[in-house]
Amino acid sequence: MILLKAHNFLKRSVVRASVERRSGSTLIKKEEKMMNGGDSVVEILDNKSGNGGGGGVEDVYGEDSATVDQLVTPWTVSVARDAHYLRGLLPPAVLSQDLQEKKMMHNIRQYDVPLHKYMAMMDLQERNERLFYKLLIDNVEELLPVVYTPTVGEACQKYGSIFRRPQGLYISLKEKGKILECLPVTIDVGTNNEKLLNDEFYIGLKHKRATGQEYAELLEEFMTAVKQIYGEKVLIQFEDFANHNAFELLSRYSTSHLVFNDDIQGTASVVLAGLIASLKLVGGRLADHTFLFLGAGEGLIVKSRLGSLQHFKKPWAHEHEPVKELLEAVKAIKPTVLIGSSGVGKTFTKEVVETMASLNEKPVILALSNPTSQSECTAEEAYTWSKGRAIFASGSPFDPFNYKGKVFVPGQANNAYIFPGFGLGLIISGAIRVHDDMLLAASEALAAQVTQDNYGKGLIYPPFTNIRKISAHIAANVAAKVYELGLASHLPRPKDLVKYAESCMYSPVYRNYR
C-alpha cells in the first residue's frame, strides 16, 4: 500500500477539502454552485479580517481564544454546559488542560510495548485532537519515537490489525475515473505481499500491485484532480513510494506541481544539515571531505555500470575496481564520512568503525536506518570502537552513553527536523514550486540551531525539545529563499518571517466558551 500522508503529526497542511486556519492564513472553500453557472470553483479567501475565526464574542465559528489564566476543558464551566445542554452529562470536577495532560502521560507510561503507546496516542487524537498535540509539544522527545519513527513502521505493518476508525479517504484502483469525487488521500495500488493478500484482517485492496501504464494513469489522474480542485499552491507530499517510482514522480511533477518527497528530499536535507554542523567539529569544507554511502539504492556508482545507473547517479560515477565488502571499500576509498541507509543492521562492524577511526581523528558516522534493530551500529558501538572520537548520529533514537567519564548524547538525523518547517515555509510564502535552493536553506537553518553546548556533548543536531523554535527558523529561511527566487505568491513579504511563521503555527491550547 502506498500512503500519501495528508494528515499526520506536523504534516497538517497538505490536502484538505476544507482548510481553515485562524491566524491570518488562507481559508480555502469549495463553492458548489455559482449564480452565473453550475461549475464547481475554488475560492481563496484571505482570513485576516474580523469576520473570520480567531476567537472572541464575534467568532463566527462559536469559539473563543484560550487565555493564559484560564486553560480549561471545554464544557466544564457551568455557563458553557448550560449553553450546550450538557449539565449532568459530565462529572462535576473542572480539570485544567495541564491536569488532563498529566493524567494522559501517566496512563501512556503504563504501557511497556511501544505499539500499545502508539495505539493509545492515536485513540487520543481521534477523541481530543488539541490534547493530543499538547502532549506531543510538551513531551516531544518522549512521544515522537512513539508516533513517528521507529514505532510508526510497526504500526504500518500491523495497520489492518490495529485499525479502529477510518481517517481521510481511500483511493484504490477501483476508484480510477472517480478521483475528483474522493479527496483526500491514501492511494492503494495493491500489493505483492502474499502474507497480506492471505491475511483475513488486511483492509487494503487484495489485488496484485499495479505497475506500468495502469499505475501511471492512476497517479496522473490524482495529480490532475488535486491541482484542478485546489490550484497551484496545494502542497503534495509523496510518502513511502517505492524508490524507482519516487524519483520518477518527483521528476515528472516538480515542474508542474508544488511537490515534495520527504524520503528523498527531506532525508537529504537533514543529513546535509548534520554534515554542515559537523564541520565545526572536524574542520574544513564539505568539498574537502570524502563520503562513502552504504545503501541509498543499488551500488556501485562506477563508470563501468554507467548504462544501468539512474540519471541522478550518473554525475557521481567514477572509475573504480569492484569492491565486495564494506571494510574493503573503507580501506580503499579512505572516507572521512560514513553514511549508512541500507536498512540492514550491524553492517558497521567493529572492524569498519576501527578503520574509520584509524583514518580520521574525528570520523563522522551516520547510521540512518530505522528501526533501531536495523541501525548499522548503535551509539555505544560507535563511541566505544572509535575510543570516543566518532561524531555520531542515527536515524533512530539512542540513549546517552558514558565513555570513560564523558557523556555523549547521540544526535538523531530525523526527517521530523525538516518537513514541518519546510512545509510551513512553503505555505507562508505562497510558494508555487519547490527548488533545491529551498532545501539547502532548510539545511543551513537547521545547522545554525546547533549551539556550542550541543557540540560539547557530541551533538550535530539541536535537541528535539526545541522543535517549534527550530521549525520557525527553518520556515523563515525557506520562505526567504522563496521570495528571493521570485516563486512566492503571498505578497507583500512579511517584515519578520520568524515571527510570522510562529504566528501561523497550530496551538493545541483549549479555547474557552463563554
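Positions of Cβ are set from backbone N, Cα and C atoms, glycine also.
Automatic prediction, not curation, is the source of TrEMBL annotations.
Here is what TrEMBL records for this protein:
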{"type": "DOMAIN", "residues": "125-254", "note": "domain 'Malic enzyme N-terminal'"}
{"type": "ACT_SITE", "residues": "LYS178", "note": "active site, proton acceptor"}
{"type": "BINDING", "residues": "GLU239, ASP240, ASP263", "note": "divalent metal cation binding site"}
{"type": "DOMAIN", "residues": "264-483", "note": "domain 'Malic enzyme NAD-binding'"}
{"type": "BINDING", "residues": "ASN370, ASN414", "note": "(S)-malate binding site"}
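Distribution of TrEMBL features across the structure.
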| residue | record | Cβ contacts under 8 Å, 6 or more apart |
| --- | --- | --- |
| ASP263 | divalent metal cation binding site | PHE238, GLU239, ASP240, PHE241, ALA246, ASN415 |
| ASN370 | (S)-malate binding site | THR149, PRO150, GLY153, GLY395, SER396 |
| ASN414 | (S)-malate binding site | LEU144, TYR148, THR149, VAL270, GLY395, TYR461, PHE464 |
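According to DSSP, ASP263 (divalent metal cation binding site) sits within a helical segment. Looking only at other Cβ atoms within 10 Å, the busiest spot among the binding-site residues GLU239, ASP240 turns out to be GLU239. Summarised as a single figure, the pLDDT of the domain 'Malic enzyme NAD-binding' (264-483) averages 91.
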